[in-house]
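Reading through the structure tokens given below for one structure.
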Amino acid sequence: MDKMNPAHLLVLAAVCVSLLGASSIPPQALNLNQFRLMIKCTNDRVWADFVDYGCYCVARDSNTPVDDLDRCCQAQKQCYDEAVKVHGCKPLVMFYSFECRYLASDLDCSGNNTKCRNFVCNCDRTATLCILTATYNRNNHKIDPSRCQ
């Protein structure tokens, strides 16, 4: 019987370790740094109020949003889906430029963005403006996931 090449053994070990590590990683919130900055600029609520809100403002799907604010996040997710399927964008890892006047509903995505960056920026812009007009219900923050079936 032939001995296994040490380099192959090393690669096999690395793959096994990475698979074991990946299986223990809990689902992560979406990479939404620019969206967080838009919220921070236009709203006096803290970002943490919107993380883990309802069914759509977290990394889970649902049949029905729990309220208007959750509908804003549902629309953003649908916009991101369109960005991927129609435009080939990667909205969860994409950085873009935008301008904002602090605590105003004046957000501008027209900077020197590519078509994808501009599209994703406008997904976040629309969601941010929607959130500004939606009522925040603290009972929908950190809700039981069973409500999102």
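Cβ atoms here come from the backbone N, Cα and C positions, even for glycine.
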Exercise for the section: Please work out, from what Swiss-Prot records, which of C16, C130 forms the disulfide with C72. Expected result: C130
Practice task
Just choose from C16, C121, C123 the cysteine that Swiss-Prot connects to C79 via a disulfide.
Solution key: C123
Handout entry: From C41, C148, partner that Swiss-Prot gives for the disulfide involving C100
Key = C41
Fill in the blank from the handout: Across the disulfide-bonded residues (C72, C73, C89, C100, C123), the Cβ with the fewest other Cβ atoms inside 10 Å is that of C100
Exercise for the section: Provide the number of Cβ atoms within 10 Å of the Cβ of C55 (disulfide bond), excluding the reference atom itself. Expected result: 22
Handout entry: Under 8 Å by Cβ from C116 (disulfide bond), counting only residues of that chain that are 6 or more apart
Key = A83, H87, G88, C89, K90, M94
Fill in the blank from the handout: C57 (disulfide bond) falls, by three-state DSSP, under coil
Fill in the blank from the handout: One of the disulfide-bonded residues C72, C100, C121, C123 has its Cα closest to the Cα of C148 (disulfide bond), namely C72
